[in-house]
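The feature region 'Disordered' is assigned by TrEMBL to 1-82. Residues annotated as compositional bias 'Polar residues' in TrEMBL: 50-69. Look at TrEMBL and you will find 122-246 tagged as domain 'SRR1-like'.
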């Protein structure tokens, strides 16, 4: 699978600010090799490209994480691995493991809570035509961090998909997933579950007003300008966008430096990008006033905690 996600989005260009309080601080810039100067796209470890040129515009390309918390983890901490499959893991073994986890989840308080949220959404919204999943990480990669977290996040996704299918009265619902770190075994496994694994930017192109969008802990510098800037799905399950808006507003207010999750030394995100992302988050939150917290899940402390389901409502919820 190609790991090149270049072209998914073009972040806002930085603008110089002569009144910036950071103007006087000298910053050592990382030196670029001859090949990097000639080629503006520098491949990162997790399948994303860091755009290093032109120097007049800071173009942010970061990783798609599988992690907990609003900001997620850096690219070296992701459940991505090195492309090799964990020794001893087979398709049948992965399917059995997933089936066991599905059974556990369906019996949990978290599942009942999510089912209640979906029922509430049904009262104010229509049907879902398709489901799009981003940023799961790998379920089988060797040395890929916490693959169990990825599996639990997949369990949640498939649980919601099955709940939504009940509203379609037997009609098929397309399900898509995109993740640059999927192994061949991951693709085979998802295909067996009825999930169509697509290459970038296909998943973004599949997001419609009748879509269910799932992006568990996708980093804000990717999620906001790359996905939620123009995507308006009927149902969204992912990071707490309201929390993102508040965080970014505070960063902009105090002019705090922000480091990208690209893992590159000196790759600082400009305040212009932070301000633009804060606006995207606020605009999305203004539209998506329906809200339900997934909450904690007893089988894995961090896999689902912090995820929020959001949808549009005619009247804002207090």
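For all residues, glycine too, the Cβ spot is worked out from N, Cα and C.
Here the domain 'SRR1-like' (122-246) is broken down by DSSP into helix, strand and coil counts: 54 helix, 22 strand, 49 coil. Averaged across the domain 'SRR1-like' (122-246), pLDDT for the predicted model comes to 93.
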